[in-house]
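Down below is the structure, laid out as structure tokens.
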């Protein structure tokens with residue numbers, strides 16, 4: 001038997017075993033779930049205490065040698081990133097002392113060039129989440145004598161990043177110096193995720209400070225990217241922030257693009273801005289049509305939809321969790337099962353797994369403690385209460401405990417086959433990886449935490465930070481959170497705001513039905529005549545409603561009649577299928593525009609082992 005055939009048999013066997021487990025297993029018991037929750041708590045403190053004893057106040061821990069290193073800006077990154085996990089675990093003492101130290105010692109007037117993306121999601125998000133928890137009695141973690149110090153730090157940090165947005169497209173530079181602004185030699189190339197994953201943190205800051213500039217620049221960045229999508233509503237991986245030209249045209253849901261999709265939906269869920277929902281629905285429909293090869297996702301050329309990269313990369317693993325938030329449960333379950341079969345095969349997910357050769361992608365053998373698959377496991381259990389996801393969580397804990405645990409924390413795995421350890425522990429291990437594991441098992445036995453039992457619905461940032469849909473944040477721009485509430489303009493909230501209503505209303509942790517539009521597939525109407533979004537005029541095109549359409553690249557020929565290439569003229573009607581609890585979408589696509597990217601002949605011919613140039 002050839003190596004390739006052996007690999008295929010092994011992978012299919014893992015997948016089959018996992019699928020049979022899904023059907024037959026009773027799952028972990030309540031006692032086991034409680035023990036696993038406490039084991040995850042111990043995992044957090046092993047790593048957190050290791051950082052505080054051996055690395056603090058440097059950014060991150062080197063857990064093999066028990067030393068520290070500055071990796072981002074030299075301002076106790078891991079401590080800031082861990083704040084809301086401490087609060088979630090109910091550790092008032094360490095949460096309070098950490099806030100006190102940060103308030104007194106962290107300054108951002110430093111001559112450091114930092115990543116706009118990483119600084120936003122890790123530091124700005126960490127500060128804002130902790131501020132919202134520490135300043136609110138209803139969280140149960142109100143800190144006495146706290147006087148908005150973290151909010152002031154967050155505002156100072158965000159203002160120092162504003163120069164990055166001063167580009168012709170509105171898409172920010174990838175890096176900025178916190179003291180001097182953007183260096184004149186700074187690269188003009190940034191990733192789609194880097195430019196489009198800033199809306200939650202900057203938007204929350206605008207609403208807390210009553211200064212719209214932060215929300216405006218990040219929304220303009222998203223518009224700048226979306227306006228340059230292809231005619232089939234796909235975006236590439238890298239773009240020139242000055243010219244708006246795509247420098248890498250591979251479209252996918254993973255590396256360099258992933259959280260762009262995530263923040264489109266979450267910005268709607270948190271802020272109620274229907275423009276984000278419209279963009280997400282259009283982008284999601286395109287992704288499911290051109291990228292989804294059930295149960296896997298591939299990368300394609302953004303213009304032609306031809307597959308160029310048949311690869312599962314570990315960052316794709318967030319997608320099933322995002323689908324849960326959108327209500328598309330059935331494909332989320334199938335994709336999670338496929339992704340988890342790779343974890344079962346190696347004990348971890350490698351950074352890249354080639355779907356053509358069914359082997360680890362060359363140069364992508366590592367597992368840097370990523371949370372994405374664990375995150376999706378949590379959301380699927382939250383939606384379904386299916387014990388298969390507790391079984392998966394137990395396997396993930398076992399892998400981390402026996403493969404990644406090291407003297408002072410948890411180590412990156414440099415090779416998922418040999419399980420060789422690397423002396424590095426990113427701050428997101430404490431901000432996300434153990435957080436989602438703990439939430440998974442606490443949900444199984446309780447739950448007893450502010451996310452499940454608190455007064456607010458929480459949206460998780462891409463770094464796992466807790467952002468509550470408080471009236472101060474969610475009701476901005478005269479929006480209301482419940483039926484019959486009065487808006488600032490005196491008008492009552494209308495029940496036709498189906499998705500927004502279900503999101504804010506439900507406190508049931510079984511969100512699969514609570515977050516979906518409250519009507520069945522039999523009540524669906526044609527998208528040309530009705531919409532689930534209040535106030536949307538279906539006769540308007542995207543260009544007419546929001547003031548921009550996609551921008552043709554210089555080499556594309558302009559059609560004399562542009563109406564032939566007009567984008568879909570309405571927000572896609574989201575309809576719940578009563579049998580499966582999934583979202584189904586009506587598509588207004590011209591069938592002559594492209595051949596079916598999912599046809600079997602084309603699919604097989606496109607699955608090649610090496611990346612094709614675009």
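Backbone N, Cα and C define each Cβ position, glycine as well.
Quantities reported herein were computed from a predicted structural model and do not represent experimental measurements.
Per TrEMBL, the range carrying the annotation region 'Disordered' out of 559-586, 587-614 is 587-614. Comparing C-alpha positions, residue 118 (active site, proton donor) sits nearest to 462 among the recorded positions 258, 351, 372, 462.
Within its own chain, residue 462 (Ca(2+) binding site) has 121, 197, 200, 259, 262, 263, 318 as residues 6 or more apart in sequence whose C-beta sits under 8 angstroms from its own. Cα-Cα distance from residue 351 (active site, proton donor) to residue 372 (active site): 12 Å (rounded to the nearest whole number).
The most densely surrounded of the active-site residues 118, 351 is 351 (count of other Cβ atoms within 10 A of its Cβ).
It is 11 Å from the Cα atom of residue 258 (active site) to that of residue 372 (active site).
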